[in-house]
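**Student:** Sharing a structure with you now.
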Amino acid sequence: MSTVSHAVSDARTMLRRNLKHALRYPSMTISVVVMPVMMLLLFNYVFGGALGTGIGGVPKGDVDYIDYVAPGIILMAATSGAVATAVSVCVDMTEGIVNRFRTMAISRASFLTGHVVGSVIQTMVSITFVVGVALLIGFRPDATPVEWLAAAGLLTLLTLAFTWLSAAIGLVAKNPETASNIPLPLTFLPFLGSAVVPPESMPTGLRWFAEYQPFTPVIETLRGLLTGTEIGNSGIAALAWCLGLTLVGYLWARAAFRRGTR
Amino acid sequence: MNPTEPAVSAVGLRKSYGDKTVLDGIDLSIPQGTVFALLGPNGAGKTTTVQILSTLIPADGGRAQLAGHDLESDADGVRAAIGVTGQFSAVDNLLTAEENLILMADLHHLGRREGRRRAAELLHRFDLAEAARKPASTFSGGMRRKLDLAMTLVGDPRIIFLDEPTTGLDPRSRRTMWEIIRSLVDDKGVTVFLTTQYLEEADQLADRIAVLDHGVLVAEGTADELKRRVPGGYVRLRFSSPRDLDSAAGLFGTIAKRDPEALTLDIPGDGTIPTLRAVLDVLDAVSVRAEGLTVHTPDLDDVFLALTGGPGAHPAPFLTTDTTPDMTPDTTPVTNLQESAR
């Protein structure tokens, strides 16, 4: 067999291992799904009334607040998967099995590829679940099949970017506790963007940050695709952010993995 | 590879972290099909040596060849020839024993059927068949270590590294592990490189032992050769009266150490039959009766302490012992009697 087919088969083996982990140890997977679902319920039923009246006029006339907030929360499902990735990579690193892999004649990249692909699959499953819950509680997107596909593609890209970043975090973190704490700011970032309220309602400094941080264009694109709001330049910006972050995460993770044992 | 070529050869391996030198020029040559033990206290650099030779970390200097592959230029060739069981368990806790082995088989590209066959064979061989479907997280220390080693063997490695393979195991599991390691060499002709801080383990398993201390090899040889390098062996005679003790002490001169309270006399020597015979002949010649005789041979613990500069110990020429502070250079030690008897 050639090197390339070995690399693919090694990555598949690693992917199988990670999916088995997800099934054997479902509490992590469940917490990844539960967090955004709780957010969705919280923002729709608890804050929804007040927030909805406050911003009703801003995005597009008289939309329901659920239609405004759902895309933002769906995106949080993508980021909360990041924590799980960082933890599972870090647990592997602390448990000695990675050193076994390193002493075997297997494709160097397969360990990380298996983790990342596994996490992306897991996160996409939880995103689907969150979308389902959103639809159940009244989210009414008007997206065409093509727009749905584009939204799914964008979410996959974003998940990929955050998964690579988290994999790198998992590699450099000293222990699983640290690994689960470092990505927390990432999961908090959507709040400082246009996820739950429009940046126009924020004080100047914060608004400036909200407008230029990576999540805002992604949320705006997603919202545009699903509910038909204005996308404008956000689409390009969202793609650029996703690809850029993927590249940074990938290079960082690769370098951290090569740096050797701890 | 050529059967006369060493399985592992290394010249001048060095490694330091910051200004702390961990390995300061290690030379090794391990023949194929033998067990080599690297013995040393904690922090001597044993694990670092294994990590370098198993391609986990690069050396700062020196060269090494494993199974004919250069460590630096052909790391993948080295990896294909070796199997490593590290100090810390490298099993996947969430997978079952069988799944762990099949994971290894898949990573060795053995194919589905061959992978299953190999897994079943190893489970049987290591007495893990009953636990095959249980997750590794439920295993005891000994089972875990066996699974760990079984995983290492899936790829049929020619050289096996075992970093402290029995640390933390109970005596029974340790014996089992020893039997397994010995059978690897006997049945399959593999080369085993093990590190240990247990002298008994090195004594039991290894064809050759190297003692590592502060990143330097301070001694190398068979267990017997090493034991010969240190003092500590003596023949202890016990007497029934102070009078007998005194007359015997007079015969052996200042090399013997007498203990008037216990009525014993320690005569430095290696405890072989000719030595004993020589001692008893001396006593017989003057009709002094010893009530009892015990032989104290130096064990590897003495070697270890003497060579690694343990508390109060320092390398000393063979026949000086701390029990004979008054020994003078011209006394005739008992072992010389044995030498001349040959």
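Glycine is no exception: its Cβ is also placed from the backbone N, Cα and C atoms.
In TrEMBL, annotation is done automatically, which means it is predicted and not curated.
Pulled the feature table from TrEMBL, pasting it below:
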type     : residues  : note
TRANSMEM : A:22-48   : transmembrane segment
DOMAIN   : A:27-260  : domain 'ABC transmembrane type-2'
TRANSMEM : A:68-91   : transmembrane segment
TRANSMEM : A:112-137 : transmembrane segment
TRANSMEM : A:149-172 : transmembrane segment
TRANSMEM : A:179-197 : transmembrane segment
TRANSMEM : A:231-253 : transmembrane segment
**Student:** Verify whether three or more Cβ pairs under 8 angstroms connect the transmembrane segment (A:112-137) with the transmembrane segment (A:179-197), leaving out any pair fewer than 6 apart in sequence.
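**Tutor:** Contact absent: fewer than 3 Cβ pairs fall under 8 Å.
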**Student:** In the same chain, who gets a Cβ under 8 Å from the transmembrane segment (A:68-91) while lying at least 6 residues past its ends?
**Tutor:** 18, 21, 28-29, 31-33, 35-36, 39-40, 43-44, 48, 51-52, 55, 59, 112, 115-116, 119, 122-123, 126-127, 129-131, 134, 139, 141, 155, 158-159, 162-163, 165-167, 169-171, 173, 175-176, 178-180, 182-184, 186-187, 189-190, 193-196, 215, 218-219, 222-223, 226-227
**Student:** Given a Cβ distance threshold of under 8 angstroms, which distant residues of the chain, six or more beyond its ends, lie next to the transmembrane segment (A:231-253)?
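**Tutor:** Residues packing against the transmembrane segment (A:231-253) from afar: 112, 154, 157-158, 160-168, 171, 214, 216-218, 220-221, 224-225.
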